[in-house]
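As recorded in Swiss-Prot, the features of this protein are as follows:
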type     : residues  : note
REGION   : 1-54      : region 'Disordered'
COMPBIAS : 1-10      : compositional bias 'Acidic residues'
MOD_RES  : Y6        : sulfotyrosine
COMPBIAS : 24-34     : compositional bias 'Basic and acidic residues'
COILED   : 88-204    : coiled coil
DISULFID : C208-C293 : disulfide bond
DOMAIN   : 209-465   : domain 'Fibrinogen C-terminal'
DISULFID : C218-C247 : disulfide bond
DISULFID : C401-C414 : disulfide bond
Amino acid sequence: QFPTDYDEGQDDRPKVGLGARGHRPYDKKKEEAPSLRPVPPPISGGGYRARPATATVGQKKVERKPPDADGCLHADPDLGVLCPTGCKLQDTLVRQERPIRKSIEDLRNTVDSVSRTSSSTFQYITLLKNMWKGRQNQVQDNENVVNEYSSHLEKHQLYIDETVKNNIPTKLRVLRSILENLRSKIQKLESDVSTQMEYCRTPCTVTCNIPVVSGKECEKIIRNEGETSEMYLIQPEDSSKPYRVYCDMKTEKGGWTVIQNRQDGSVDFGRKWDPYKQGFGNIATNAEGKKYCGVPGEYWLGNDRISQLTNMGPTKLLIEMEDWKGDKVTALYEGFTVQNEANKYQLSVSKYKGTAGNALIEGASQLVGENRTMTIHNSMFFSTYDRDNDGWKTTDPRKQCSKEDGGGWWYNRCHAANPNGRYYWGGAYTWDMAKHGTDDGVVWMNWQGSWYSMKKMSMKIRPYFPEQ
């Protein structure tokens, strides 16, 4: 960048008075000090002679004798000597030679100085021209850069305008819709929680009317003309006390005693040995507008009772399940027995039929070899997180199927089916949602895999009898 002495189109600036240097200020750092030019010598040589004096009237004219000038005298005495002699001329030239030589030398010096000054001036002018060209190139480059930045700014401005006018409102509408959806779900969950809190405010009791008809199990009740699916009292043995169960009188000709039911996650199945032994949960609730308990709740009938019922004679087990799309499958085992507590409620199942996959006998169909064998449930002991009877043989007490998979069950190492696992809304879940990072949902691997928790699952038993 160089300072300029030109206005460069700044005609619109306010006019100010010029200083002593006008518009060319002297910059001591960038300019040489100005030098004075030599003074030229005075002009020498002859001039006019003095004018003759004019005689006044009456004045006597005096004859003037011209001096001897070593030359020829003019005929007219007033004109004096015509020309000097050679010697006189030589003397005159000699007298005038020195000042003339000095004047010539001075002139030569003056010419040299003027030449040097002209060369410096030319160089300065050339420098100014180059500076001017450089300034013009800079101005052009700056204009190009400004134009380029202006183009970029215009594009960014258009993008911002487009984003602000279109994208952001669209995203805001989407977010608003999501928030409304979440608000609706939260309100529903709050309502469900309030309902469950009302259920759990006091120990679970049944306030429904219980039918008079009874029997040792639900098959006997249907044979005694108890045809409605609801809660009944059964008494397997005369020596035992009657207890409540839910009887399914519609599925596969009815007569099914429900020993387990999952449908809404309202009951925690992560319990100790004694609750699983005795049973827990809500057997049934009253149907809307009806005075009987026609809606099954979530419950586990109890290992002692299940063992008692299955040891009364050959027993079938029907497992029904439903996913979150409403699709349903079943697993029917025509042989089902649970041993007593002394034998750790050991499981025995046989003769599978159905559409869900034979998870209890064959293990997880996705696995092969030893890995599949470790998921077979048949012949396993019952385990809870405080009574470890599973098939996972490890010295690490933390490695326990019931603790990691959320419920009590006939675990191997660990499961292909997990009906008593943790309840996950929506079906699909991931390891980071699980308490221990395991597939701890209400799982039937042979149908929906490890990471899908069923919406509904129930286990029902009925005495075996020949079909007509």
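Yeah, the Cβs are placed from backbone N, Cα and C, and that goes for glycine too.
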For C208 (disulfide bond), the spatially nearest of the disulfide-bonded residues C218, C247, C401, C414, using Cα atoms, is C247
Give me the Cα-Cα distance between C247 (disulfide bond) and C401 (disulfide bond), rounded to a whole Å. 31
Cα-Cα distance linking C218 (disulfide bond) and C401 (disulfide bond), given in Å to the nearest integer: 33
Out of the disulfide-bonded residues C208, C247, C401, C414, the residue with the smallest number of other Cβ atoms within 10 Å is C208
Can you give me the Cα-Cα distance between C293 (disulfide bond) and C414 (disulfide bond) in Å, rounded to a whole number? 36
Disulfide-bonded residues: C218, C293 - member with fewest neighbouring CB atoms within 10 Å: C293
In whole Å, how far does the CA atom of C414 (disulfide bond) lie from that of C218 (disulfide bond)? 33
